[in-house]
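First the structure, in the form of structure tokens, and then the observations on it.
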Amino acid sequence: MPDADRRDTQEKGFLNLMADKEQRPGRSDRAGKLPQAEKKLHEAVCVLLVELCERFTFFGIVCNTILFCTAKLGYRSHQAAMVNMCFVGTSTLTPVLAGWLAEYLVGRIKLVCICMFLHFLGTALLPVVSFPFEDIYIDRRHVLLTLPKREQKIVFYFALLTASLGIGGIRAIVCPLSAYSLEDCGPKELLSFFNWFHWLVNLNSAVVFVSISYIQQSVARNLGFLIPFVSGLMAMITIHMVRGEMIYKPKADSSLLTTFGVIFSALKTCCVQYRYFSTAVASWLDHAKENHGGHYSETQVEGTKSLTRLFPLFTFQILYRTCVMQIPSGYYLQTMNSNLHFSGFVLPVAAMNVISIVPLLILVPILECINSWLFSSKDTGHSPTIYIVAGHLSAALSVMVAGFSEMHRKHFPQVEQTHSQEVLLVSSMPCFHLAPQYILLGVAEALVTPACSLLSFWLVPERMRGISMHFLALFNGAGCFMGALFVQTAHAGTQGNWFPHLLHEGKLERFFFFLASLMMVNTLGFWTIAHRYNNLHEDCTNEFRGSLPGEKLLKHAKAIKHYNAVLESSPILSPVEKI
């Protein structure tokens, strides 16, 4: 009996010791949660400030480029619109280039520093060319700009290029979409995330536009020096994030070079085999596989195949993005040539951009309710392709309304209006008559952008999601450059009639009607292929993505990890059973 009591006492002591060991990490974890939460909040505030500063500098440039090019550089209206669209397109494409450079050539931290320097250099050079409005002032003395026109244009273009390169690095590294944990989200959660993500981005943009409008309306020349100041502030916040190790580093996945390599290898092998001998394969991309004479593994080829199935979706976004680019080009010129006087003061042109953002801010909560109903069914999966079709239709109607507004604007008598110290003859039609076309484009953005992001993210394997978002950015950038090409073609093909320098002397409405007709055809074209992306259920999307061995292994690993976590946290097992 004494031996039995001794054994019971030892066993109880052992159990108590193990229970203490189990509890101590829990207490330390609870104690460590507060600093970890504070760090996360600190990171979120820093990222929000960086994005706010980046948006301010970006829209500060976009909102003033056309006016600066026409008033100071002597450009024609179509040339100024093309410069603006090319700057937006370059800023859309550079995050893709910056992301690739950060992963494979330069390194993330080093590239962040380089991009911040380029961004500050570009924004600091803008006041040198008296951007946006006036010559340089020192104290109260007016210092005339002494740069010749040719050198002024060179410095201006160099500033735009360096600023766009800096913007790309900031968007790709400091504020990447991959910083959010979206791997385990379903389509409903993803669509909700993209809705609210773009809602926050546009709320940020609305704050920026209101700020720029106030500065333009009060003392315009201060904006030229405020842009580099905000860029410097953004650089300091970013350096603080670098030193605090708050720059997110995504996990390694497929690269753009691998994807392009698979496509070119498949084309090359396909052409060679077609010329000399034929091999039956399920898809032409299978020619890139090693067992069919290519140089890439089955995982890489299957991932590329799932991505190429999204190319029709991406292609139909090009013309849509061209329509959206009318806000900083055609719509801007219409507003600039309308009556901006309201209740005794002159509205800045940038104030009209806020009208296009208001519908998006209102629609997102409504769309959230619709999404809850759309994804409520357990038997059938639903796709937000109906949002994309409706958004494309809204964009086509917006451009059509712009054409009718242009015809309506010409019926008003002309009045004198001062822009950048120059007196212009503009229509006496109030600029608020142009509000419907801005609202319709805002509705289109609220419907199309989150839905396209969801399809691009969900319908590819996890390792291909970053590449898929990069391709979406590439096609969006292509839409910006196509808009510039359309403007140049319309101006050259009609001797300046469809996109005139002085709007009352030409037929800008014909350009809008032509673009609206193309957009209607584009909408019908997408509607015919929308059934390919209709079902977002797991079984159907697995068939769409293809069966990747790596994906299956990853799912098994996640299941085992989850099972182990359940076992470790189970209250049923005693400490001895856990050991």
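Cβ atoms are placed via backbone N, Cα and C, with glycine included.
Annotation comment: TrEMBL describes 1-35 as region 'Disordered'.
If you look up TrEMBL, you'll see 1-11 (among others) marked as compositional bias 'Basic and acidic residues'.
Annotation comment: TrEMBL describes 19-35 (among others) as compositional bias 'Basic and acidic residues'.
Annotation source TrEMBL lists transmembrane segment at 82-102 (among others).
For 108-133 (among others), the entry in TrEMBL reads transmembrane segment.
Long-range contacts of the transmembrane segment (154-174) within the same chain: residues 47, 50, 54, 57-58, 61, 65, 73, 83, 87, 90-91, 93-99, 102, 108, 111-112, 114-123, 125-126, 128-129, 131, 147, 231, 234, 238, 241, 247, each at least 6 residues beyond the stretch ends and with a Cβ under 8 Å from a Cβ of the stretch. If you look up TrEMBL, you'll see 154-174 (among others) marked as transmembrane segment.
The annotation transmembrane segment is assigned in TrEMBL to 196-215 (among others).
Feature annotation from TrEMBL assigns transmembrane segment to 222-242 (among others).
Look at TrEMBL and you will find 345-364 (among others) tagged as transmembrane segment.
The transmembrane segment annotation in TrEMBL covers 385-404 (among others). Under 8 Å from some Cβ of the transmembrane segment (385-404) lie the Cβ atoms of residues 316, 320, 323-324, 326, 330-331, 334, 367, 434, 436-438, 440-441, 443-448, 450-452, 455, 509-510, 512-513, 515-516, 519-520, 522-523, 526-527, 530, 533-534, all in the same chain and six or more residues away from its ends.
Residues 182, 187, 190-191, 194-195, 197-198, 202, 306, 309-310, 313-314, 317, 320, 323-324, 326-327, 331, 352-353, 355-360, 363-364, 367, 383-385, 387-388, 390-392, 394-395, 397-398, 401, 465, 468-469, 471-472, 533, 536, 541, 544-545 of the same chain lie 6 or more positions beyond the ends of the transmembrane segment (438-459) yet place their CB under 8 Å from a CB of it. Look at TrEMBL and you will find 438-459 (among others) tagged as transmembrane segment.
Sequence-distant contacts of the transmembrane segment (471-491), counting only residues of its own chain at least 6 positions beyond either end whose CB sits under 8 Å from a CB of the stretch, comprise 78, 81-82, 85-86, 88-90, 92-93, 95-96, 307, 310-311, 314-315, 317-322, 324-326, 329, 452-453, 456, 498-499, 511, 514-515. The feature transmembrane segment is assigned by TrEMBL to 471-491 (among others).
According to TrEMBL, the feature transmembrane segment maps to 511-530 (among others). Packing against the transmembrane segment (511-530) from elsewhere in the chain are residues 312-313, 316, 319-320, 322-323, 326, 330, 383, 385-386, 388-389, 392-393, 395-397, 399-400, 402-403, 406, 486-487, 490, 498-499: each is 6 or more residues past its ends and has a CB under 8 Å from a CB in it.
Residues of the same chain lying 6 or more positions beyond the ends of the transmembrane segment (345-364) and with a Cβ under 8 Å from any Cβ of it are 59, 63, 67, 195-196, 198-199, 202-203, 205-206, 209-210, 212-213, 216-217, 327, 331-332, 335-336, 417-418, 431, 434-435, 438-439, 441-443, 445-447.
Here the transmembrane segment (108-133) does not lie next to the transmembrane segment (196-215) in space: the count of CB pairs under 8 Å, restricted to residues six or more apart, is fewer than 3.
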